[in-house]
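As recorded in Swiss-Prot, the features of this protein are as follows:
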BINDING   G157, G158, A159, G160, V161, G162, K163, T164  ATP binding site
Amino acid sequence: MSDNIGKVVQVMGPVVDVEFEPGKLPAILTALLITNTVINDEADNLVVEVAQHLGDNVVRTIAMDVTDGLVRGMPVKDTGAPITMPVGAASLGRVLNVVGKPVDGLGPVSREKTMPIHRPAPLFTEQDTSVNVLETGIKVIDLLVPFPRGGKMGLFGGAGVGKTVIMMEMVNNIAMQHGGISVFAGVGERTREGNDLYHEMKDSGVLPKAALIYGQMTEPPGARARVALSALTCAEYFRDVEGQDVLIFIDNIFRFTQAGAEVSALLGRIPSAVGYQPTLAVDLGGLQERITSTDKGSITAVQCVYVPADDLTDPAPATTFAHLDGTVVLSRQIAELGIYPSVDPLDSTSRILDAAYIGEEHYRVAREVQQTLQKYKELQDIIAILGMDELSDEDKVTVERARKLQRFLSQPFHVAEVFTGKPGSYVKIEDTVRSFKEICDGKHDDLPESAFYMVGSIEEAVAKAKG
């Protein structure tokens, strides 16, 4: 830490102006420390980040915590470095905030290894261009919305359709099957949800393989605009230094953009369309471009995307779409049928649902499943008005198979065992493809629909029917 000391000259909400001696201005993105007794009794407990040089030896900074209690003339220490996060084993099983301080009440976190949160994206020469499928063990995702290793997937869904459970199951499967690390970034989410997630992960035993980095709705915009970068830094350490395949969950990526918009006007920038910051694309790009596969390891991202007023043309979701490799859409109609995970098989898309990446057989089966379900959807109006008896024999077979496929897309989850009483199942991709192929080929037309509900592989369905 340098011995450069400045003083507070102006406070405007989350934005603080600090004056330094001539020739001693800290660089942009440098972390400065102020002691704010309103937060707690610790020294240097408020971190502010340099955003602009205003002239007259004054820098404009964004606060990472509340600025209530700051007064003009307060001393400000220059750390000479950006905000840093504790990385490696120290971050696992813990809940940290944007500046790497623990918020779980379990004592201090070792800062033996730290990394700055602002880092360049990997160079083109370091990036891995081969496309590999990341097996999640969740049938509907592996079959119809395959995740590219090192890719970015968007998870779209309203409240109560199962986003969190799918996330937790993925954390569990990556930890159990791949021995992988997961990082969860809670960006501007409800504190209650963050608390629930922590306790559920603790109870299901996946917490030791995960790092939770939270910046909830109550935090100032500075923290919410940086917490995704803090979490990504933890993930990058596991990828670049330990050569791991890491999964990062960001809930919610919209709040990252929203926080940037909140501080943008205070920094004197002219707002862009719909009041967003003019730097929207570059802010989001700086985060998204760091999420990639390199020759050392990979970071695969699952991002929850809130769509304001269901308007997909809003600049925030529209800019996010440009970065995504695929979208998993969760449907309330499917959840109402009791089918979980409630992924909409006709609305969800993946860039790598292509024979060149997943193989001819997988591609053919996936498309056949979608065609059967689409035909069933088209026939539903006729069935509702005239009943099943008016359908042709061919259509009756299609409807019966579609209903079996629909039920077979459900699956018992490990993390939901406590609620359902059913043991969870992890299904390998080859078993998933084979199972769905057998249903499409009519091999199991004699089994009742109920046999396909909440089972793993097709063998479990056959055993359930014999039951």
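The backbone N, Cα and C atoms fix where each Cβ goes, glycine too.
Annotated features taken from Swiss-Prot, shown on the structure.
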| residue | record | contacts (Cβ under 8 Å, 6+ apart) |
| --- | --- | --- |
| G157 | ATP binding site | K163, C304, V329, L330, S331, S342 |
| G158 | ATP binding site | L330, R332 |
| A159 | ATP binding site | none |
| G160 | ATP binding site | A335 |
| V161 | ATP binding site | L330, S331, R332, A335, S342 |
| G162 | ATP binding site | L330, A335, Y340, P341, S342 |
| T164 | ATP binding site | E193, D196, L197, E200, D251 |
Handout entry: K163 (ATP binding site), number of other Cβ atoms within 10 Å
Key = 23
